[in-house]
Amino acid sequence: MSNSETVLIKGARILGGEAADVYVADGVIAELGTTTTKADRVVDADGLVLLPGLVDLHTHLREPGREDAETVLTGSRAAAVGGYTAVLAMANTNPVTDTAEAAERVLDLGREAGLVDVQPVGAVTKGLGGEELAELGLMARSRAKVRVFSDDGKCVHDARVMRRALEYVRAFGGVVSQHSQDPQLAGPTACCHEGELSGRLGLPGWPGVAEEVIVARDVMLARHTGSRVHVAHVSTAGSVEVVRWAKAQGIDVTAEVTPHHLLLTTDLLADYDPTYKVNPPLRPAEDVEALRTALADGTIDAVATDHAPHARHDKEHAFVDAAFGMLGLETALPVVSTVMVEGGLLDWAGVARVMSERPARIAGLDHGDRAHGRPIAVGEPANLTLVDPAAQVVVDRAASVSLSRNNPWHDRKLTGSVVATLLRGKPTVLEGALA
Ligand SMILES: NC(=O)N[C@@H](CC(=O)O)C(=O)O
Ligand SMILES: [Zn+2]
Ligand SMILES: [Zn+2]
């Protein structure tokens, strides 16, 4: 899908640097610099920052099966409003995305919605059962061209199954995105970070090491198989240490961190508010600090939302009974801007790296990542996100375009907001709202 309307973005700071005009025609960036070309639509971008369209490696869209919590259409709306032009849709739907047909169905629903490229993630094992490999090759060869495989929500805990999956995906340049959580160490009832606070609150917790042992095992399996592993939602300082070590050895490992693990800490659980119940759990400040440092120095490659919408009747329960997960698509850029840019840890080119370029490369998407490393250049597809770096926003969960309301950022003041999003030249968002 491209667009015949021409768009002129006037005076945007490209990746936060020099201001330039960007003229978009036939879905691509046709001119860059100073232009007098007339366009159908002019967007005044004075003081705004232009980024390549954001790419989310980790989104739960809930369709098929839980259309009361989110659909591909409503999730696509949330993604566009959040500045995304591509999202990877996790496989833990009902039915699970474990066949070529299921993957193509998600792809087609995304195309019908037409707001963002929806790229299905394939399950590693049939029905997320953890035992029998799913149709990895058929999914890879399908129209959906699946390259990322994950049992997310569950850990591929059997080392033999993980080994086979890594060997299999290597043949077509695929990657296994692992939800790193040892089921024995975490235990069936655990619902938060194990520590002093969980003891005081009387909540069963699980320790950081339940994540770290799987990350450590998987990087060794990646080394052994010569394959590629991606660590989903890294949440502890120990996991960061393992990834840092593995990268130094030349092991093919990448990692993502969520916006919530970059800012929210476990002490938010003191009021037993299930909005803050998430997997992996919110951790202590030392972990948050280590995650920020690792994202800034490239040990963690990407920010991924783990957007996990839940209907009220699944989330509004006593803490122990509530579903795990929180919304993320609409607030990711403001959180990263507040924590990392205002915090002096990343510049805007760095934000483009962790929210667009690296995620696109990890997923093998021809989207935010170009061989020459210049995603905003003449001739490139006009997947673009325009950001107001100075905007102060107070998040209002009622204003969300998601179907769900489990928003942990409600009432928080954040700096930076998405003003416009273009998908192959077509504005999906203008003036901060769906176009
Ligand atoms: N993050 C969560 O707490 N929940 C996710 C599953 C997952 O990402 O593991 C979900 O599907 O709801
Ligand atoms: Zn997960
Ligand atoms: Zn997830």
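Quick reminder: no glycine exception, Cβ is built from N, Cα and C everywhere.
Among ASP152, ASP267, ASP271, the residue that TrEMBL places alongside HIS179, HIS233 at the Zn(2+) 2 binding site is ASP152.
Summary of the site annotation: TrEMBL records Zn(2+) 1 binding at HIS58, HIS60, ASP152. Screening the candidates ASP301, ASP306, ASP314, ASP321 against this entry identifies ASP306 as the one listed for that site.
Checking the binding-site residues HIS58, LEU61, ARG62 against ligand 1 with a 6 Å cutoff on the Cβ atom leaves no residue at all. DSSP assigns ARG62 (substrate binding site) to coil, not to a helix or a strand. Restricting the average to the domain 'Dihydroorotase catalytic' (48-237) gives a pLDDT of 98. The local packing around GLY325 (substrate binding site), expressed as other Cβ atoms within 10 Å of its Cβ over all shown chains, amounts to 22. Of all the Cβ atoms in the protein chains shown, 20 others lie within 10 Å of the Cβ of ASN279 (substrate binding site).
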